[in-house]
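Visitor: In case it helps, TrEMBL gives these features for our protein:
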- 12-36: transmembrane segment (TRANSMEM)
- 48-67: transmembrane segment (TRANSMEM)
- 79-99: transmembrane segment (TRANSMEM)
- 128-151: transmembrane segment (TRANSMEM)
Amino acid sequence: MLILLISAITSLSIMIIWISHPLSMGFTLLLMTSITASINSTMKMTSWMSYIMFIVMVGGMLILFIYMTSIASNEKFKLSLNLTVLQLITSTSLIIFMMKNKKILMIENQDMLNTLKNMTTSSLMNKFFNFPSSMMTVFLMMYLLITLIAVTKISSIQKGPLRQKT
């Protein structure tokens, strides 16, 4: 199951480079966030941190979704056949590669499980908020706060949506 989730997140990361429509980008980010949260919840003793990460990311993406749909609401959505074939080939090759290297994955997973058994829940959560990781967390919170303030300042109740009607 973990192999499938890791290959899905890798193929979505590769696929997002070629996506041009804002709605499909948002959907891809939503899928990546949910897969990352599910991987984090299976790796940790408690799943509340992954749940909070998922809620924060979905809230930020909803704000960006509202902003992008009000700006580019008339853009047509086209499903690219080349992108679908590329996604299928990438995910299939990743699954085959990971299945062939099963011994390496089993060794890494066994070491990770032994390490997780020795750690307590508080030490797992403290690593997330210590120096190297805390900078990314603070940056993410500041980005979402600035985005929230900017979108609420740009949109006004008296003028209606962001895109003016002509």
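Glycine residues also receive a Cβ, built from the backbone N, Cα and C atoms like all the rest.
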Visitor: Which listed stretch (12-36, 48-67, 79-99) has the most C-beta pairs under 8 A with the transmembrane segment (128-151)?
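Guide: Maximum Cβ contact count belongs to 48-67.
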Visitor: For the transmembrane segment (12-36), what are the same-chain contacts with Cβ under 8 Å, counting residues 6+ beyond its ends?
Guide: 5, 50, 53-54, 57-58, 61, 64-65, 68-69, 72, 75, 77-78, 80, 83, 86-87, 90
Visitor: Near the transmembrane segment (48-67), which residues from the same chain, at least 6 beyond its ends, have a CB less than 8 A from one of its CBs?
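Guide: For the transmembrane segment (48-67), the nonlocal Cβ contacts are 22-23, 26, 29-30, 33-34, 36-38, 40-41, 125, 128, 140-141, 143-144, 147-148, 151, 154, 162.
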